[in-house]
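Here TrEMBL flags N312, I313, C374, S375, D376, G377, W378, D379, R380 as substrate binding site. Marked as compositional bias 'Polar residues' by TrEMBL: 1-13. Per TrEMBL, the feature compositional bias 'Basic and acidic residues' maps to 14-32. Here TrEMBL flags 162-506 as domain 'Myotubularin phosphatase'. Residues or ranges marked as domain 'Tyrosine specific protein phosphatases' by TrEMBL: 343-405. According to TrEMBL, the feature region 'Disordered' maps to 1-34, 547-571.
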Amino acid sequence: MASASTSKYNSHSLENESIKRTSRDGVNRDLSEAVPRLPGETRITDKEVIYICPFNGPIKGRVYITNYRLYLRSLETDSALLDVPLGVISRIEKMGGATSRGENSYGLDITCKDMRNLRFALKQEGHSRRDMFEILTRYAFPLAHSLPIFAFLNEEKFNVDGWMVYNPVEEYRRQGLPNHHWRITFINKCYELCDTYPPLLVVPFRATDEDLKRVATFRSRNRIPVLSWIHPENKTVIVRCSQPLVGMSGKRNKDDEKYLDVIRETNRQISKLTIYDARPSVNAVANKATGGGYESDDAYHNTELFFLDIHNIHVMRESLKKVKDIVYPNVEESHWLSSLESTHWLEHIKLILTGAIQVADKVSSGRSSVLVHCSDGWDRTAQLTSLAMLMLDSFYRSIEGFEILVQKEWISFGHKFASFPTAFEFNERFLMTILDHLYSCRFGTFLYNCESARERQKVTERTASLWSLINSNKDTFKNPFYTKEINRVLYPVASMRHLELWVNYYIRWNPRIKQQQPNPVEQRYMELLALRDEYIKRLEELQLANSAKLSDPSTSPSSPSQMLPHVQTHF
């Protein structure tokens, strides 16, 4: 599989491990290697190409393909140009044919999930792109070719075990559960009730396991209403589930209707249970044709139903595709606002934020407990519940708390928000790292759709967790302005006038967009904190030295002024 041109490559061998340096993200930086390498990462091939850079034009380079990444070095400057985890690749297409005559018209066109498109031109003779195309296709889509995902080959070691971050019993205990109204059930420990739910569920104390089984028959994918969060003071709750199986004939299920009333009655001070259906009402009605539907007033008497008009994943993908078109490779400044508006991306974000604010406000005020669902209850539902919980509970705004929130509401139950400068312990890099490794396949954290699949594959035993990387380098991801607060509810302004595209994420690949990393204000604050720590340390050392002198009669100072240490500062 290796390239015929190996003389240059051998002098920078990927197999040479003589001089290594480990970076903050855990990657081995071998000074004698052509590419960085993770433990367990092996070379597959390398080839000379012309990289069609959308910003600087054609660049001669050598592309290296491992079982984890595509890495490109410039032959002209010997600098790194690309470092792309293969999991980020969504499509690989051949560009041009054997008879193509245009310069650099024969090669590969690679579409990535992180807003980039990569184009490589190769020599036309001898089917030179065939090997590269086949190898990339095999290793970018390993499961389709009976190959292991890289996370199972990754041999990285961390001083923190990220798999221990989320313990559902401990998290529910932190919330004050179980109590007189809510209990923990292990009815799903073998995933028999619902194969996409976790083994441990929190349900009303009055609902028996037999009740839960009957309710499951009337909820899409058996995803019954279960508790996500309880308010520490007023005891209202956020409950999540999937749509009821009403169908065109308007079926009813007495067990489901009674179960929702039992949820309402866990807090006897409220007369209504508020149901937020994430879908547009038209879509919810249309879902009846496929056996789904929504909770009608005549069947669910003590409920209020609101539709939040959030579109499904297909509409979101189309909108995100339009965002990609306007941010990569070129950003047209003169038409930026109209182009962004035409994607409808910020409108979708606004609707999600607005819905989450409604959920948070209803629970925070104590007016009602809330049940949230969409169709199957694992896309829009998780967006709404996790955002609402982020607004309501300051614990989730810490690094560990946010990890637990992601693990609980997204990963465990099967499957962005505005920044407030002092409310979150983590910084922008933390969010971008999570998003990047959502696709990278370096960690097992986001593999598979549900807990049952992860358990079958022994993911926690055979792979490393993303939280291991982050929690081993916490200072890298900390917000220096963070001020810890208890029970402060955050309400972002969900207005189109205040929403902005996350430029540092969506347009980060464009070298013409001036990114200030790290933020200069944040950087200066970090410097001041370091300076403060240095002076505190020096003061403590001087105080210790003074204490020693005072305890020694032979060195007792003759005047009070001699007792004062002289500390020279830059302030």
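From the backbone N, Cα and C atoms, a Cβ is placed for every residue, glycine too.
Nobody curates TrEMBL annotations by hand; they come from automatic prediction.
What you see is a predicted model, and the numbers here were worked out from it, not measured in a lab.
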Q: Would you pick out, from the binding-site residues D376, R380, the residue whose Cβ has the largest number of other Cβ atoms within 10 Å?
A: R380
Q: List the other residues in this chain whose Cβ sits within 8 Å of the Cβ centroid of the substrate site residues N312, I313, C374, S375, D376, G377, W378, D379, R380, in sequence order.
A: A278, T381
Q: Report the DSSP secondary-structure composition of the domain 'Tyrosine specific protein phosphatases' (343-405) as helix, strand and coil residue counts.
A: 46 helix, 5 strand, 12 coil
Q) Relative to the Cβ position of W378 (substrate binding site), how many further Cβ atoms are located within 10 Å? A) 22
(Q) Counting across all protein chains present, how many other Cβ atoms fall within 10 Å of the Cβ of N312 (substrate binding site)? (A) 15
Q. If you draw a 10 Å sphere on the Cβ of C374 (substrate binding site), how many other Cβ atoms land inside?
A. 28
Q: Quick one: average pLDDT across the domain 'Tyrosine specific protein phosphatases' (343-405), no decimals.
A: 96
Q) For the substrate binding residues given in the record (N312, I313, C374, S375, D376, G377, W378, D379, R380), what is the largest pairwise C-alpha separation in angstrom? A) 12
